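Let me begin by presenting the structure, written as structure tokens, before commenting on it.
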């Protein structure tokens, strides 16, 4: 009951002498500062809303136009369209004050007209996607049309410094492909996977769908594309993520690692404190919209919609469907250590705590002798459980009393921090250490990550960090941007003793243990723990460090690094499985408003022809190189189509959703949507922020992150091209599948990359590139000719 008494801000009693009022000044001050901070945020949101609404125009330009209108009117000149006099007719009088009012209203009308003209002009410019298909190879020329377009976009974008969401109103809607185009692309994508008889059957199904039910379903999608901001994103979030009943751990959540070549500090509390402080600063940048939107080639903005839910967000389980809950504000984080949960206040005396002050809180938790309450140690296993079972337990045991209060504290936290009891180790000579690092971040022990939260920061005993992120609220590049951004400042956060820099100004508030009454749900917690262990024991993970060469050599071969790696994966999978497989590669559609992802299908007719040539001993080196170049070109075209809204799979997915709403059965859609992705791949983006200067700190390279396998008999492969001579592959598969093996597949990737390199090196020896003459040699040649 002590906590309850401390929570009372004031009390009063009636005595013979009158009223006796007692109040806790510190608690009242806490309430005042909390309310003051909340109102400041509301005003800031309102200001940013106005600024973004008129972008690319500047809000201060209103006063300039007002001054011009006043000058024109009182100098005896007419304003455009005689707006001032037209407004003045409807006002009560013709006095000076009403004339000024009329001038201001006229200025407002003209200003809004200019704002919306600029905004929709920028929107029309951003609809142009021709720049995506122009070659960026050295020596290639940019078309005049694209040059003029780029110049116009730069003029409009540089007119006013944008906030994080300034471009949202100017981004175009995701384009809806025609059924005919999607059918053609789909049939071409499955051709290498089917024999002649199977292909003819699929072609017949596709033609039948296109000429019958496909037309009706497309009309509904056309209506949705006109009415909604994005015809895909809400259904994608609902049916792919929120309605999924499988555990989030391994099946949905993904992880990211530390900058493994850097050893900033071995102090667990210091690293946790500095990372928390940097993340909270990043949250403030998002809230104030001071974070600059990512611009492709410095010109084209990407949609920033997903950033809004980075912090203070949780995926709450439901019996049939989950829901994303985003809290507008949170003044605490939750720390998990040795099975105990702590609420840690991050604001005190009107400001955010400094790293050195948060370190004191972390040290207090690490030194605590507290032991978990019954069931508390394995509590988080519920978030790694089947979603319907977790929802049922949540409704039964966490909907009232102390459990409800504590669960709300966890779910409303800015994020969760797990102070692990093991080190996160890395050694190039011991690859199993990095594998264990990845496994620890992917699933931990099944109950030391709160898998429902937008992300959990994990800190090892040796000071290394990583994260485990829930996938529904955003895609991996958003979390990757967050992680990369804070690393740019984390480098400078520690003194020579490994502690955070700075001196505390005061003793920060002590962490508060969360209280639970879990005895009634101990059977559910035990069952969830057992199920989590089964999942963990069934997944295997291998992190391959490929340091023989990287994007430097790939560019020398005049090939896209992503296409290069995807072709290597196709060759590796063919050697591993003895056949081709439907392959998933994630690309983004954030060139459009509220865009998320689209699928690139790397297994193409061209890639299959190249793989077969590589396995054919009679094929020549020249043939293999020519086929690889064609395969990479086709892959690039597929990637460009996906980014420009001309993909295959999201359109088919939405057609399938409409068919289910209409209760119309489509054999074609049923077959397409049930095809397994036995090779699911994703590239972790790198260099999304200029804060990380790799020239100054070449070791500040993250090894990226990974995810679990999508198919029971398939591989999940995430890769990051981390440098000129470094690539990391995160390969996952299930132990229960007899046909997959992550170590064998990693060896096949290494062999495929080595064979491609050997092929190009042999070609370079036979056909050395022409040497550039020096200035002196050119001069000598010219004099000789004379």
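We count from 1, first residue shown onward.
In case you wondered, yes, glycine gets a Cβ from its N, Cα and C as well.
A TrEMBL annotation is a machine prediction, not a hand-curated record.
As given in TrEMBL:
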type	residues	note
ACT_SITE	471	active site, proton acceptor
DOMAIN	1-46	domain 'Carnitine O-palmitoyltransferase N-terminal'
DOMAIN	175-750	domain 'Choline/carnitine acyltransferase'
REGION	763-786	region 'Disordered'
TRANSMEM	55-76	transmembrane segment
TRANSMEM	96-122	transmembrane segment
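Under 8 Å, Cβ to Cβ, and six or more positions away along its own chain, residue 471 (active site, proton acceptor) finds 241, 248, 252, 253, 254.
Outside the transmembrane segment (55-76), and at least 6 residues removed from its termini, the chain residues within Cβ reach (under 8 Å) are 84, 99-100, 102-104, 106-108, 110-111, 114-115, 118-119, 122, 156-157, 159-160, 162-163, 166-167, 169-170. Mean pLDDT of the predicted structure over the domain 'Choline/carnitine acyltransferase' (175-750): 94.
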